[in-house]
Amino acid sequence: MDTTFQAAIDTGKINGAVVCATDAQGHFVYNKATGERTLLSGEKQPQQLDDVLYLASATKLITTIAALQCVEDGLLSLDGDLSSIAPELAAKYVLTGFTDDESPLDDPPARPITLKMLLTHSSGTSYHFLDPSIAKWRAQYANPENEKPRLVEEMFTYPLSFQPGTGWMYGPGLDWAGRVVERVTGGTLMEFMQKRIFDPLGITDSQFYPVTREDLRARLVDLNPSDPGALGSAVIGGGGEMNLRGRGAFGGHGLFLTGLDFVKILRSLLANDGMLLKPAAVDNMFQQHLGPEAAASHRAALASPLGPFFRVGTDPETKVGYGLGGLLTLEDVDGWYGERTLTWGGGLTLTWFIDRKNNLCGVGAIQAVLPVDGDLMADLKQTFRHDIYRKYSAWKGQQ
C-alpha cells in the first residue's frame with residue numbers, strides 16, 4: 001500500500017491518501033495519512049488524519065443508521081407504506097418506454113414503496129446517469145438545470161425504473177430516506193445525525209454540503225484551486241453538479257467527515273456495542289434483504305458494464321447480495337473478506353468495509369488529482385482492501 005500510493009503521488013495522479021482501520025476491540029489500529037493537500041491559496045500542507053473528507057455515497061451508510069434508529073423509535077417500519085410520509089414517492093409511475101412521438105409510457109405502481117426498498121435500491125428510483133430511459137425522460141420533462149437549488153423531492157422528480165420491490169438499480173433512495181427521517185422527526189437530517197450518531201461517538205467535525213464552518217474549511221481536502229467551491233469534484237470524478245444543484249441535506253451523497261471519525265462509526269457497528277443501534281438491528285444490517293426478483297436484477301446489474309462499480313472490489317465469482325447499508329458478501333473469500341462483510345464506497349476514490357467474521361473494518365480515501373484516472377483509483381482502492389488484511393494478519397502473528 002505505501003509504495004503503491006507513493007508511486008501514484010510521484011506520477012502526479014494523486015495528492016495523497018487517508019487510511020483508517022481497526023478491529024472491534026481497538027487493539028489493532030492502523031491510521032495513516034500519506035502525501036499532501038493543496039490549500040485554496042495554493043500552499044501545500046502534509047495530509048493529516050483529521051483532514052475533512054467528502055464522503056459522497058459513503059454518506060449512505062450513515063443515513064441508513066439514522067433511518068434504522070427511527071425504526072427503533074417506532075417512527076418508521078422497514079416494510080410499512082411510506083405514502084403518507086412521502087406522497088411524492090407514492091405519486092410516481094413506472095416508466096415502461098416511449099411512443100413513436102416520444103411521449104412516455106408508464107404504469108401505476110403495483111405496490112407502495114417501503115423504507116427497506118429505499119435502503120436497498122429496490123424501490124425503482126434510479127440515478128438518471130445510470131438509466132438511459134430515465135435520462136431521456138429527464139431531458140424532456142425535468143426542471144431546467146439553471147434554476148435555484150432544489151430539495152430532494154424537487155431534484156428527483158423522475159418516474160420509477162421498475163415496479164417497487166421487483167428490481168435493483170443504484171439511485172437516490174437514501175436521499176429520499178433522509179427526507180423521510182426529517183419528516184418523521186421534525187428536524188433536519190444533520191440535527192438527528194448529530195444527536196443520535198455523532199454525539200454518542202464523540203464526533204464533532206461533520207457537515208452536509210456546503211461546508212460553512214471555518215474550522216472545517218481549514219481542513220477541507222476538497223477546498224483547493226481545482227475545486228474552489230468544495231464540491232468534491234476529485235471524489236466523484238469532476239463536475240459536482242449534484243451538490244451544486246441541491247438544497248438541504250442529501251442523505252445519499254452530501255456529508256463531509258474525517259477518516260478517523262468515519263472509522264468510529266464502522267467500529268461501533270463491527271463491535272455491535274449498542275451505541276448506535278440495538279444488537280438485533282445491527283445483525284439485520286448484515287442480512288441479504290433483496291427478494292428473488294430484486295436479487296435477480298441485482299445479479300444482472302453486477303454482470304453489466306457497470307458491474308465493477310457495483311461490486312466494490314469483489315470478484316465476479318463471489319456470491320454477493322445487498323444488506324442495509326451496502327453490498328453484502330454471501331460467502332468467504334480466502335484470505336480476505338469473510339461471509340457477510342458489508343462494503344460500499346464514495347465516488348471513485350473512497351471505499352469502506354465491515355468484516356464481522358474476521359473482526360476488521362476500515363476506510364480508504366484516495367485524494368485524486370483532476371482529471372481523475374478511474375482505473376488507477378480502482379486499483380489503489382483494491383490495494384488498500386487487500387493490504388490492510390495483510391497488515392492485520394501480520395499484526396496477529398506477532399501477538
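Any Cβ shown, glycine's included, is placed from N, Cα and C.
The active site, nucleophile annotation in Swiss-Prot covers Ser57 and is backed by experimental evidence. What Swiss-Prot lists as active site, proton acceptor is Lys60, Tyr170.
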Rounded distance in angstrom between the Cα atoms of Lys60 (active site, proton acceptor) and Tyr170 (active site, proton acceptor): 12
Integer Cα-Cα distance in angstrom, the residue listed as 'active site, nucleophile' to Tyr170 (active site, proton acceptor): 11
Conformational class of Tyr170 (active site, proton acceptor) under the three-state DSSP mapping: coil
Neighbour count (Cβ, 10 Å) for Ser57 (active site, nucleophile): 19
Of Lys60, Tyr170 (the active-site residues), the residue whose Cβ has the fewest other Cβ atoms within 10 Å: Tyr170
